[in-house]
């Protein structure tokens, strides 16, 4: 799933999904009319229910979606969609928990809005454990840490995605035709290693992140949304045609690859950071739960359909991104380029999150006349860091799985159930609710540990060489 965080001087939330920069959820906050209220009607810049739904949908569509066909392969053609449905239900339930806890503290503290980090901090302050109450401020630090890891992880994924797609388009250029249906052999013209492609993108991405104004980035956000939408429609148009016999595909994949499925799936579903900003921006926030469930039902159907259809279409040859399996005709080569353009511009939006958390720490310690230089230097270092990490882990599927297992599982599965317990335990909770929350957090932690281990193990000792064969072409 792709994400970004929005912040201004009065509002310090960082959402992990795509919210248009021209619509910062921090603008136009009104005070609560009474301590028990949590309603904000008639704001001049508030979003309608339909606008909120669109933001929710586009915030969950990114590189994670394109990696789901390989995730289904790692789980099995039957186990994959069932697991996606279960993870989707649990992830949405955790989003609902976060909203409920945020509302609780808004009413109790007479605040108009609290973000993810504040909610966790207030939740620890409400804990019956004195040690947790005394160290409640670490709740915000933990959330900020995982937000930084998640967003920089997304940026690493973007480097690998751009390199893989541009490399394939350039190497297959001489064999690209106007015929998208024949399975003729295409002779690749080897150009250079994908790591060199990453380095070639580095200076352009550095210049892109020098744009520090979110409103200036709004045109790039619009361009990215259009190109990715067109590309996604073309991908669906191809994978629904002439689906091969699925009888040879395993219903359940070997258990060893299932943790890789978990990492990719939770990477795609990690949209919990966008929930509170979108809810806060609505004209009528009472409608948000309905919008949340409707939007996530659509997202889950999209994930399951693309994952299953992509795996059915390309079988064992499916790659880390389904775009790498598209035919080498000019129509689908343009799809790869269009989606890559969208990802390129989205990089700056994803980068905004860690930049707004990290850069103020250094700028505040620099002389006033050096603040701009320090700002740009830190931005350059962070982009170079994501490039170096991508070079060290050049396999798209493993980068996605690793980021999902390490950070997305914490934000989406582990923290929210624990937050519910610390928030409401002193007010009385049923044993069933406590058991449910504990079960979700334990399963999330197991996925965190096992998924991270398997991704790292596969990087160190790969069980299979990366697939370079396009299922509609025989590359020589």
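Including glycine, each Cβ sits where the backbone N, Cα and C put it.
As annotated by TrEMBL, compositional bias 'Basic and acidic residues' applies to 1-15. As annotated by TrEMBL, region 'Disordered' applies to 1-39. Annotation comment: TrEMBL describes 27-39 as compositional bias 'Polar residues'. Here TrEMBL flags 46-455 as domain 'Amino acid transporter transmembrane'. The transmembrane segment annotation in TrEMBL covers 75-99, 142-161, 194-211, 218-239, 259-278, 290-312, 337-364, 376-393, 399-419, 439-456.
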Can you tell me which parts of the same chain pack against the transmembrane segment (376-393), counting only residues 6+ beyond its ends and a CB-CB cutoff under 8 A? 152, 155-157, 159-160, 163, 195, 198-199, 201-202, 205-206, 209-210, 351, 354-355, 358-359, 362-363, 399, 402, 459
Sequence gap of 6 or more, Cβ distance under 8 Å, 3 or more pairs: do the transmembrane segment (439-456) and the transmembrane segment (259-278) meet that? yes
When you look at the transmembrane segment (290-312) alongside the transmembrane segment (218-239), do they share 3+ Cβ pairs under 8 Å, ignoring any pair fewer than 6 residues apart in sequence? yes
Which residues of the same chain, at least 6 past either end of the transmembrane segment (75-99), have a Cβ under 8 Å from a Cβ in it? 68, 116, 119, 246, 249-253, 257-258, 261-262, 265-266, 269-272, 275-276, 279, 288-289, 292-293, 296, 299-300, 303-304, 307-308, 311-312, 412-413, 416-417, 419-420, 440
Do any residues of this chain, six or more beyond the ends of the transmembrane segment (259-278), have a C-beta under 8 angstroms from a C-beta of it, and if so which? 1, 3, 5-6, 13-19, 25-26, 47, 52, 55-56, 59-60, 64-65, 67-68, 70-72, 74-75, 80, 83-84, 87-88, 91, 94-95, 98-99, 102, 113-116, 119, 147, 150, 253, 288, 292, 299, 303, 397-398, 400-405, 407-409, 411-413, 416, 447, 450-455, 458
Same-chain residues at least 6 beyond the ends of the transmembrane segment (142-161) with a Cβ under 8 Å from one of its Cβ atoms are 2-5, 14, 16, 62-63, 66, 116-117, 120, 194, 198, 201, 205, 270, 273, 320-321, 340, 343-344, 346-347, 350-351, 353-354, 357-358, 382-383, 385-387, 389-391, 393-396, 399-400, 402-403, 406-408, 410-411, 415
